[in-house]
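Summarising the annotation, TrEMBL assigns transmembrane segment to B:12-29, B:35-53, B:60-77, B:83-100, B:107-124, B:130-150, B:162-181, B:555-577. The domain 'Transglutaminase-like' annotation in TrEMBL covers B:404-475.
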Amino acid sequence: MMNRANPITSTKPSRASLWWNTWLARRLPPSKQVTLAHKSIFILPTGFGLLWAGLILLLFILGTNYQNNLIIGLSFLLASLFNTCIIYSYKNLAGLSLSSSSSPQAYAGETLVFPVKVSSKQAQFEVLLSYPDNQVNVIKVIKQESQVSLLQFNNLTRGRIFPRRLKIESRYPLGLCRAWSHIDLDNQVIVFANPIESQSELSALETDDISHTLNRGVHVQGVDEFKGLRQHIPGESLKQVAWKQLAQGRGMLSKEFQQPQGQPLWLTLDNLSSADIEERISQLTWSIDKLSERGHIFGLVIGQHKISPSDGESHRLLCQQSIALLPFRGQR
Amino acid sequence: MKPSQQEIISRHSLLWLLIINVVILLPLYDKLTPWTMAICGICLVWRYGIFMGKVAKPPRFLVTSLALASALTLALVTSKIGLLNGLINLLILGYSLKYIEMIDRRDVRIVVIVGYILIAITLLGQQSIYFSILLIFIATINTCVLVSLYREDVKLNETARIGVSLIIQSLPLAALLFLVFPRLPPLWMMPQLKTAQTGLSDEVSFGEIGRLTRSTALAFRVKFDGTPPMNHQLYWRALVLEDYDGQTWTRHESIKTLESNNLASSSMPSATGPWLNYSVIAEKSNQHWLFALDVAFSDTLDIIQLPDYRLYSTKSLTQTFQYNVKSFTSVPMDLSLTDNVRNINLRLPEQSNPRTHQLAESFATRYPNPVKRLNAMMSYFTEQAYFYTLSPPPVGPQQIDDFLLENKAGFCVHYASALTFMARASGIPARMVTGYQGGEWNKRAQYLSIYQYMAHAWVEVWLEGRGWIRLDPTSMIAPERILEGFDAYFQGRNSYFIDSPFSALRLRDYPLLNELRLTLASIDFYWSVWVLGFDSSKQEQVLHQLLGTITKQKLAFFMLTSLSLIILVIAYSAGLLHFTRDKDKVSSAYLRVCRLLHKKGVSRRLDQGPLDFCLKVETQLPVIAEDFSQLTQYYIALKYRTLTASGRKSTTKLFIRLSRKLKLKIIKL
């Protein structure tokens, strides 16, 4: 279920780009942490660099036609400057370390954010980071202390999203050469489906009473069941303070208890009314968020797969991820 | 990628652009028309206003109308100032106008590219070593503009540091390319700069050369193979003037036709006899005539030899020009004379200078032998009370009569005119030759400098069986002028310093400063010969000295080795090749002390901390106890405490010093 193609511009890749991608994959395999070196840095002249070459030629011809050694010398100096710039361009990327960290959750249609940590032993200037067809991040100076650049990635579909290779680019110092690299930071994010509001689509599998679904599965603040820990609010009863955790140095926390009320709620795809399965998935996504927000206990049934009723953030994430990863129609 | 936030020019770049605009346009001041200058000034002030935040970007219509106005004015004046000058002005105007309307980085790059072209154009007119260094400096500033696009948040001097190091690191490869890259002949004709002509003019009237004797400008320099001739043999022929209309001496039409059609031969004839080989480095004069001694030939490209044995360049000397000459000092010129040439050189205007005519005829009757007659005429100048002056009294319409019989005071042109006139009037073919006489010897670099004030005029007469013979009537009046040079006869302050109060030649009066002047002149001479005059033959000469016999393989090997060396050096200085990181100075110094102690029998266990070890040392070697405990304290401070940057620095210094002292002590134990 690898969805590596960019959903926005998923045109059929040409033969050349296919070859290029496999070559890149072999040369620069995916890795969480990459340090750029001669193997991963490519250098080519920019458009300005080509114009510069034209200038060198022009000056050389001018100098030759006027038999003026100084103008010829100037053209050689500019040519040599180009050569120096190649070395500087290389230096401006060599030793640059990039590493990925986990991305914040997102829904389909939202711009994804991939945090990338960059650092370099030697100062490097004006490095451009971007995913293809996405906004470019400019880092003015990269030093030994690592900094995080939040890279944007436009995405429309749900599911496990792998951004394509990250492009790292620099034109420092004169803009004559473009040193660049395409690296795969092996980062991914599970994008939840786009939530669509639906009031009546919740279903209860194991009860007969459908009309009260919304009132069931609700927790009441209580004393029976341990729900979890939360930040202690000054003035609260000291009985609820989690002393054990305090002793562990985790700070002042309060234990929360609750009482389950009524039967748990079951969410399922099959009972939703919409004809389009993607729309039903979206509606389910909305329902999960809504129920979690209200603190309901609910379970999820997708085909043979069943997630037993629970609540809380991790439960919500589990449910959302399982729906998000449902195969697309005809992709089984 | 659309121009986003980062494409907008930063204030830092704007400041650099202000600087570059001024430094690029200043050296071009002499090529600007007043209109161009005015528009450039407006643009600069406007840009400054934008920089200071006083005015907004100019409206589109203003830029367009300025551009149209300037193009129109240029179209009108181009015929007056010449095509190339017109194009240069157009480029400068484009540069200035682009300068006020630029918005993003792309515009800045265009401005920088045009800036380099303008620097090249400046080099067309100015080529001295000092000027070239200045232009490399300007090119560096132009490079800094590009750097400033990528380093916005730093100070001016940081950008400058990067720009300067980029240029310095690029110089070796540029020099290598200059050395080995083949020199090509001009690929096509280019329009020439139209500027004022300097030096000798193509016609001579009374007072003509007198003006030149006030100029301290360099005319040309000469390097001889072997010893140079004596001063009195240095008659540098430039022009032969055969037509006289009673006022001015000019070249004959037939010679002018030959010159303009480049019809004369350029081949080396089979002359025999002793010869001189030398190369002449002529300063730019925007004229065609060259300078050589006696019967001269040249194998340099674009030089032809005229029937009057002068060398002539088919291109005007718009820049310093170097050529080789072979001069035959004892080969006669024109042993036979055609009737046409004889007539030209006997012709005199009718009713001109009747009294001189009479005098000449009396010489003719008294001395039928032409040689004796000429001797008598020459002696006439010494027998009578003639004297040499650079400010002669005015003459009337019969100028030679007035000079020869009334004023009896004048300089070379007066004497040469009079002698030529008398010779012709008495039936001897004669012509006036102008050029330069003498030269200043530079001991250091072994070459002659010929200045404009050494301009001179003399006479050539034709004698049966001997051809054209040089006669210099001035030598009869002022022999020192010829034997020892111009400076022996005239004090500079009386002639050539009048118009050039700041000339370096003034330093001649002070021995030490004169030494300095000669040294600087030598440097400029080497610059002219080895850089400005570096051609394929010089290239071959240098490569031969470097590599021995030149083969393609050797050349390729030489190129590759130098290239990789240069790249290594650049990479190293750019900070790329520091494979091993700086070791921890503190630890290694401490460990060295421990190793020495180990040799003395006090060894440190691997798990032993510095304090613990210090106690052990104190008990076992009480002699160094105090020092070692101090060292341990420094070590612990440096290793485990957070110190301020300056505190760390000073403690490290103390620590290293103490460790050295301690090592000596331990060794002595």
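Each Cβ is built from the backbone N, Cα and C atoms, and glycine gets one as well.
Note that TrEMBL annotation is computational and uncurated.
These figures come from a predicted structure and were not determined experimentally.
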Could you give me three numbers for the domain 'Transglutaminase-like' (B:404-475), the DSSP helix, strand and coil residue counts? 23 helix, 32 strand, 17 coil
Please figure out which one of B:35-53, B:83-100, B:107-124, B:130-150, B:555-577 racks up the most CB pairs under 8 Å against the transmembrane segment (B:12-29). B:130-150
Counting Cβ pairs under 8 Å that are 6 or more apart in sequence, does the total for the transmembrane segment (B:83-100) and the transmembrane segment (B:555-577) reach three or more? no
Given the transmembrane segment (B:162-181), its same-chain partners at Cβ distance under 8 Å and 6+ residues beyond its ends are 136, 139-141, 143-144, 147, 151, 534, 539, 542-543, 555, 558-559, 562-563, 566, 569-570, 573-574
Segment-level pLDDT (mean, integer) for the domain 'Transglutaminase-like' (B:404-475): 89
Which bits of the chain, at least 6 residues beyond where the transmembrane segment (B:555-577) starts or stops, bring a Cβ under 8 A of a Cβ in it? 165, 169, 172-173, 176, 180, 543, 546-547
